[in-house]
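Engineer: Heads up, here are the entries from TrEMBL:
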DOMAIN    39-286  domain 'G-protein coupled receptors family 1 profile'
TRANSMEM  25-49  transmembrane segment
TRANSMEM  55-74  transmembrane segment
TRANSMEM  138-162  transmembrane segment
TRANSMEM  203-224  transmembrane segment
TRANSMEM  236-257  transmembrane segment
Amino acid sequence: MQNYTSVTEFTLLGIPNTQGLENMLFVLFLAFYLFTLLGNLLIFLTILVSSNLHTPMYFFLGNLSVFDIFFPSVSSPKMMLYLMGQSRTISYQGCACQLFFYHFLGGTECFLYTVMAYDRFVAICHPLRYTIIMSPRVCTGLTLGTWLGGCLHGSILTFLVFKLPYCGPNEVDNFFCDIPVVLPLACADTSLAQTVSFTNVDVVTLTCFFLILTSYGHIVLSILKIRTSAGRRRAFATCSAHLISIFLFYGPVMLIYLGPASSPWLDSVIQLLNNIVTPSLNPLIYTLRNKDVKLTLRKSPLNYLYKE
């Protein structure tokens, strides 16, 4: 057996081909990050204090807002610190935490979007039974299930990646720790861990996406049966914001984990879209395309934030 020294920290190489642009990128990402935090916090507080929004649809939207506060916080603070010129190193434990929370929250969002699609399916296809099927107890159980499922998903992936020994190179070719860039650094056979981890991600992603497509397939068929054009437009309007968010989330995920291997620069750009840009767009999507939220924001004491 060959002796080796365990790695105690990793070096984040950052976004490729961006030398000399650190200050501009820092200002840009800081603006996105602050807008994400304030926008999603505003939506969450509006849903929390407005009794007319205490429905299953907005209960799940509130959970999505909490997710969109936490998710960019996994990688953005560390990335902005090294853009300011501070150390690019991250401890072994910090790297493991980044990977765990990234996939914990990512898995949770997959499950949450699936639950939100089911909620719209029940609301449009079974409107008379909606309040019975989507009772507070059921909504709470589904939400707890999404967070617990995401935690299990993240725990499995983190165990598979960090049970391997790391003794050689410690340079992570990205701006945060993720499976495709950390696993190649292990000084052991990674074939089993790579197969199981990517299969896990693929199964979760594709299963959730298939269930969402199934729900919306039934929704479209039900909407087409509505006789009035105004009724069809109203039904489509309740689903449009959710569909936009789904495509913004699943597009980058499928390119990263299901698509063919690409350049490190392109992978970093796709990760930035998924980690920073998409969470900042959800507040705009759910306010600009939702009359209930816009009306509540105008009446709320928090409306000055919305106007700004």
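Cβ coordinates come from backbone N, Cα and C, glycine included.
Note: TrEMBL annotation is automatic and uncurated.
I would like each feature placed in context: is it buried or exposed, what are its neighbours, and how far apart are things?
Structural biologist: Among residues of the same chain six or more beyond the transmembrane segment (25-49), those with a C-beta under 8 A of the stretch's C-beta atoms are 15, 18, 58-59, 61-62, 65-66, 68-69, 72, 76, 79-80, 83-84, 276-277, 279-280, 282-284, 286-287, 293, 296-297, 300, 302, 305-306.
With a threshold of 8 Å between CB atoms, the same-chain residues lying at least 6 positions outside the transmembrane segment (55-74) that come near it are 32-33, 36-37, 40-41, 43-44, 47-48, 98, 101-102, 105-106, 108-109, 112, 115-116, 119-120, 123, 134, 139, 143, 146, 176, 238, 245, 275-276, 279-280, 282-283, 286, 292-293.
If one looks beyond the transmembrane segment (203-224) by at least 6 residues along the same chain, the residues whose Cβ comes under 8 Å of a Cβ in the stretch are 107, 110-111, 113-114, 117-118, 120-121, 124-125, 153, 232, 235-236, 239, 243, 246, 250, 253-254, 257-258.
Sequence-distant neighbours of the transmembrane segment (236-257) (same chain, 6+ residues past either end, Cβ-Cβ under 8 Å): 57, 64, 106, 109, 113, 116-117, 120, 123-124, 180, 198, 201-202, 205, 209, 212, 216, 219, 223, 267, 270-271, 273-274, 278, 281-282, 285-286, 289-290.
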